[in-house]
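Read through the structure below, which is laid out as structure tokens, and then see the notes.
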């Protein structure tokens with residue numbers, strides 16, 4: 001036993017074993033099962049092999065493409081909002097503008113939404129964006145001189161509501177990531193730059209951004225994944241998976257509708273496999289383009 | 001070393017076997033009795049009022065069967081959650097209750113395939129078969145086997161706000177056909193500027209009703225989806241025409257059965273609600289301001305209607321096949337849903353139109369002046385039901401295995417396209433037909 005534990009050859013494998021087991025049980029096996037199920041018609045206690053029929057149906061399915069379009073649109077817009085805004089906020093917090101106490105309070109309060117449940121937040125946002133003219137957003141619209149708006153009935157206005165949830169929820173988290181990255185930058189760089197007469201904006205562009213690039217790459221990668229796999233926000237906002245004209249339907253929402261609500265698990269597996277392929281394609285090409293896989297230059 | 005390895009592999013093998021046995025626990029266990037001789041039955045439902053009702057029926061069962069008592073434990077989940085949870089549970093065969101309420105639009109999902117995960121309840125239904133509206137048992141049957149017991153008939157009726165109508169000089173008793181309904185609606189709308197009837201986008205009830213009256217279906221003879229058949233197109237065109245004329249309008253919340261709509265109807269913004277008879281409970285519970293002002297009348301019909309009305313909505317209570325107490329559960333369920341006394345309670349507690357017709361004739365029950373539903377409405381529900389009693393048809397499309405998908409598509413896309421976006425009935429239905437054919441692989 002002692003020999004086994006102290007063996008230099010075996011020890012590393014032993015240490016990574018827990019990870020490998022979890023990965024296999026909760027990831028590889030289900031993934032493999034999904035591939036198999038995506039070629040089957042699954043009913044209670046019977047599964048029939050039907051080849052690529054599910055994929056063929058998926059290819060011709062207008063609703064699937066709509067769901068994919070919705071997910072991609074949401075992902076792109078969350079990236080547009082959730083990278084620059086937190087970046088600027090983090091820079092402000094990291095700068096010597098304003099009192100530390102206020103900034104600490106701000107930091108903490110920005111993070112709170114990430115700790116709340118999406119279920120609760122979704123319900124609250126549904127009420128905020130309700131059709132009634134006494135709902136908060138319609139009061140705001142009225143104050144600004146338009147409205148009442150039927151927020152969750154229109155495609156664009158519904159998207160505004162979804163983005164509002166994303167912004168409210170993730171701004172604080174992304175700000176924290178960027179802040180952590182910024183605090184790791186040695187202050188000498190900034191001192192040298194200011195001696196050379198570089199303005200704050202130029203320092204931000206030429207020192208801060210290049211130095212936190214790994215953080216930005218990481219945040220973009222998880223945001224792409226998070227955006228494409230978004231489901232719960234839409235599910236809660238529309239009080240279920242059925243939004244008018246499927247305007248809030250995402251790929252995962254469609255997977256859930258097909259697999260769970262309509263008991264077509266084979267087809268739903270095909271949706272899942274395609275989603276995995278799309279996410280991997282986007283993220284891997286992004287990681288390659290951003291040079292993450294390159295060996296550190298000596 | 002060798003010995004050690006053997007020992008380790010034995011332990012690992014033992015663990016694996018235990019894990020596998022734990023996973024394969026779907027085989028049947030023997031019925032388990034509690035210490036006091038009663039049997040615990042777990043039940044899931046999605047409506048709070050149903051839970052109250054079932055608890056009452058469990059008490060009555062125990063009074064009648066002191067040697068075979070049950071201990072009913074009802075869990076109420078939200079509608080979507082319960083059905084999704086059940087779907088996962090039946091697929092895995094694990095974690096199922098002994099009795100479960102399944103809503104009619106979801107029911108077909110649970111009887112798919114050769115061996116549905118539900119108990120065949122035909123035998124348990126036999127003693128009550130003659131008195132129960134057959135169309136409602138058919139709704140929860142497949143290949144001649146009954147898999148669920150109905151709660152109500154859900155015959156379509158119209159709820160008129162008579163105070164609002166009198167203001168506009170409209171006599172609701174003259175409204176018999178959809179043409180009359182449209183004419184009255186247009187006049188009301190012109191007089192008052194308010195909405196008359198409702199075009200729902202998030203619920204599909206009126207469309208199957210009118211299609212059934214026209215003798216149409218949503219599926220062809222081979223079970224293939226056919227939602228652009230002449231009758232369905234005519235139905236949606238008729239609805240669209242009524243909407244364009246001002247006789248029906250969309251409602252906040254998408255259907256009369258939503259919180260936002262209760263408020264609007266209670267305020268008198270909508271004067272005529274065509275809905276299944278169980279909507280009585282919504283008036284009594286959520287629209288107190290209209291007490292004494294609402295009259296119930298039969299739903300309008302088309303000219304030469306094939307059937308006068310159909311059952312709309314509904315809940316089938318079923319017993320999962322893996323329940324260790326399935327025999328007792330089935331027996332209790334038949335008592336709780338089909339027996340005459342259960343059906344009296346369905347009216348008294350829930351205000352629904354009971355499926356056991358014997359109750360419809362019992363004037364002590366139906367005309368009880370103390371009853372809160374009789375107090376609320378100007379007319380008696382059972383007088384109205386008596387008029388349509390012989391004209392209640394079974395709308396076959398409701399029990400088609402693909403109905404959940406069709407219903408879903410109409411509620412998300414088609415009805416929105418027609419009533420909200422102004423797409424013509426023919427175009428919207430052609431598009432829906434193409435979508436559905438592809439989705440269902442037909």
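Glycine is treated like the rest: Cβ placed from N, Cα and C.
If you look up TrEMBL, you'll see A:68-286 marked as domain 'ABC transmembrane type-1'.
The transmembrane segment annotation in TrEMBL covers A:12-29 (among others).
Taken from TrEMBL, the feature transmembrane segment applies to A:74-93 (among others). Distant neighbours of the transmembrane segment (A:74-93): 103, 106-107, 110, 159, 162-163, 166-167, 170-172, 174-179, 181-182, 204, 208, 216, 219-220, 223-224, 226-228, 230, 250; these residues of the same chain sit at least 6 beyond its ends, with a Cβ under 8 Å from one of its Cβ atoms.
The feature transmembrane segment is assigned by TrEMBL to A:105-129 (among others). Long-range contacts of the transmembrane segment (A:105-129) within its own chain (CB-CB distance under 8 A, at least 6 residues past either end) are made by residues 89, 93, 135-137, 151-152, 157, 161, 164-165, 168-173, 175-176, 179, 232-233, 235-239.
The transmembrane segment feature in TrEMBL is assigned to A:149-168 (among others). If one looks beyond the transmembrane segment (A:149-168) by at least 6 residues along the same chain, the residues whose Cβ comes under 8 Å of a Cβ in the stretch are 73-74, 77-78, 81-82, 85, 113, 118, 121-122, 125-126, 129-131, 137-138, 141, 230, 233-234, 237-238, 243-245, 247-248.
Taken from TrEMBL, the feature transmembrane segment applies to A:216-239 (among others).
Among residues of the same chain six or more beyond the transmembrane segment (A:265-289), those with a C-beta under 8 A of the stretch's C-beta atoms are 31, 34-35, 37-42, 47, 50, 54-55, 57-58, 64, 68, 217, 220-221, 224-225, 228-229, 251-252, 254-256, 258-259. Look at TrEMBL and you will find A:265-289 (among others) tagged as transmembrane segment.
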